[in-house]
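K.L.:
Annotations for this protein, taken from Swiss-Prot, read as follows:
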{"type": "DISULFID", "residues": "27-58", "note": "disulfide bond"}
{"type": "DISULFID", "residues": "34-52", "note": "disulfide bond"}
{"type": "DISULFID", "residues": "38-59", "note": "disulfide bond"}
{"type": "SIGNAL", "residues": "1-20", "note": "signal peptide"}
């Protein structure tokens with residue numbers, strides 16, 4: 001009887017030390033998987049942090065990407081020697097009125 005209790009105690013302690021996760025969190029109606037980093041052939045979901053949290057991305061496999069084309073985003077990545085940089089494009093729009101406000105005003109040297 002003592003060996004049975006000892007065995008149960010050892011199994012209970014080992015169950016707490018297991019580092020693997022038995023539950024895989026799914027996102028986007030169980031199509032994607034929450035991961036720290038998506039594989040190159042997978043697409044990450046725009047605003048996936050709402051489903052997976054801020055530290056993880058919602059990664060959708062390539063074969064299921066056609067089901068949700070509006071949500072999936074492919075980022076352009078450029079690979080350098082040790083760093084991978086993601087490029088994004090933004091547009092800058094200025095009106096002529098705001099340009100005239102920024103024009104320098106003449107200042108007299110005597111004040």
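Positions of Cβ are set from backbone N, Cα and C atoms, glycine also.
Tell me what's around each of these sites.
P.N.:
In the three-state DSSP reading, residue 58 (disulfide bond) counts as strand.
Other Cβ atoms within 10 Å of the Cβ of residue 34 (disulfide bond), summed over all protein chains shown, number 20.
When other Cβ atoms within 10 Å of the Cβ of residue 38 (disulfide bond) are tallied across all protein chains shown, the result is 20.
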K.L.:
Go through 27, 58, 59, our disulfide-bonded residues, and report the one whose Cβ sees the most other Cβ atoms within 10 Å.
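P.N.:
It comes out as 58.
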K.L.:
Are there any residues at least 6 positions away along the chain from residue 52 (disulfide bond) with a Cβ closer than 8 Å to its Cβ? List them or say none.
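P.N.:
The answer is 25, 27, 34, 58.
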